[in-house]
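Enquirer: Next up is a structure, given as structure tokens.
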Amino acid sequence: MAVQTRVVSIFFIQLVLLAVSGLNRVSGAGLQTGFYDESCPEAETIALKTIRQAISKDGIVAAALLRLHFHDCFVRGCEASVLLDAAEEGDAEKDASSNFSLRGYDVVDDVKSAIEKSCPGVVSCADILALAARDAVRLTGGSSWKVETGRRDGRISLSKEADENLPSSNFNIAQLKQNFAFKGLTKKDLVVLSAGAHTIGVTSCFVINGRSDTDPALDPTFASELKKKCKPGGGGPVLELDQGSSTVSDAHFYKAVRQNRGLLTSDAALLNDPLTRAYVKRQSTSPVKATFGKDFGKSMVKMGGIGVLTGNEGEIRKRCAFVN
């Protein structure tokens, strides 16, 4: 009980600090569609071509690129701090325990290199992350949206900030709502972005370690299937985040959650709030591009405005892993 109290206390302190700082709230000021129309008109075309090539070689890259953008925006805002290598060993965001399975850095570097050849020193790594996330979704059958650009790159990346700010897969609905609210995101953004983040990609048995057939939020048959796949301690094969539809950006995720077959605790938690539960039920019978796809694009634009650096703030990195 003492340990649980201490964990709750630390979590509360972190939320208070975030509320006071206000650094990560949505603003989006200074961003606009077509920001590079004159300075680098081929930027989005080059990004799309490079990402398409990467996904054709390794389909899981799409989920990786989408996740990179999420993990970047929730820490310091959307300013590419997640891409920086540590100034001191093990001290960058990418070194944090919450980011241990991130990948796709090489694809971002390839996009950056290709754009640099056409327009050196113009397009930020932060904007490349935003474009890559959009392209990853549409290249896997999802909707598209106009990405607002004009972000600048930050110069600081700390592992502790990633662990403090990123929502955990074990969060309950109250923790999820608080985490998203401190980023300026609503409950609708929460339920929309949760699906978008988990409609493609895979995770490990380690992440669901602790969920069992005694969990009332988990379908017993599904729990039994997971138990057969995953060994005690988290060993076993990779698991589809959206069972049966992990390579296509669609609304299938909501069907799984409604049937108590959401893989993560945070997925199941979406049924524990009236608004998020209603959205899950509504979307579980809707085609992706009719409603969810449009909603997802709006929430992605909103998330993409969290804590952005614009104008003379930050810099345009020459290489995404290093400050200039």
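Here the Cβ of each residue, glycine as well, is placed from N, Cα and C on the backbone.
Note that the structure is a prediction, hence the values are computed from the model and not measured.
Reproduced below are the annotations present in TrEMBL:
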type     : residues                : note
SIGNAL   : 1-28                    : signal peptide
DOMAIN   : 30-324                  : domain 'Plant heme peroxidase family profile'
DISULFID : C40-C119                : disulfide bond
SITE     : R67                     : site 'Transition state stabilizer'
ACT_SITE : H71                     : active site, proton acceptor
BINDING  : D72, V75, G77, S81, E93 : Ca(2+) 1 binding site
DISULFID : C73-C78                 : disulfide bond
DISULFID : C125-C320               : disulfide bond
BINDING  : P167                    : substrate binding site
BINDING  : H198                    : heme b binding site
BINDING  : T199, D242, D250        : Ca(2+) 2 binding site
DISULFID : C205-C230               : disulfide bond
Enquirer: Compare the Cα of R67 (site 'Transition state stabilizer') against each of the disulfide-bonded residues C40, C73, C125 and report the nearest.
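Expert: Closest recorded candidate to R67 (site 'Transition state stabilizer') by Cα: C73.
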Enquirer: Cα distance, D72 (Ca(2+) 1 binding site) to C205 (disulfide bond), nearest Å?
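Expert: Between the alpha carbons of C205 (disulfide bond) and D72 (Ca(2+) 1 binding site) there are 24 Å.
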Enquirer: What is the Cβ neighbour count of the residue listed as 'heme b binding site' at a 10 Å cut-off, with all protein chains included?
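Expert: By my count, 25.
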Enquirer: Taking the Cβ of P167 (substrate binding site) as reference, which residues of that chain separated by at least 6 in sequence fall under 8 Å from it?
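Expert: Long-range Cβ contacts: F74, Q175, L176, N179, F180, S266.
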Enquirer: When you measure from the Cβ of C125 (disulfide bond), how many other Cβ atoms are you left with inside 10 Å?
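Expert: Excluding its own Cβ, the number within 10 Å is 29.
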Enquirer: Quick check: of the recorded positions listed here (H71, V75, G77, E93, H198), which one has the Cα closest to that of C40 (disulfide bond)?
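Expert: Nearest by Cα distance to C40 (disulfide bond): G77.
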Enquirer: Including all protein chains displayed, how many Cβ atoms other than that of E93 (Ca(2+) 1 binding site) lie within 10 Å of its Cβ?
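Expert: I count 27 other Cβ atoms within 10 Å of it.
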Enquirer: If you average the pLDDT over the domain 'Plant heme peroxidase family profile' (30-324), what number do you get?
Expert: 92
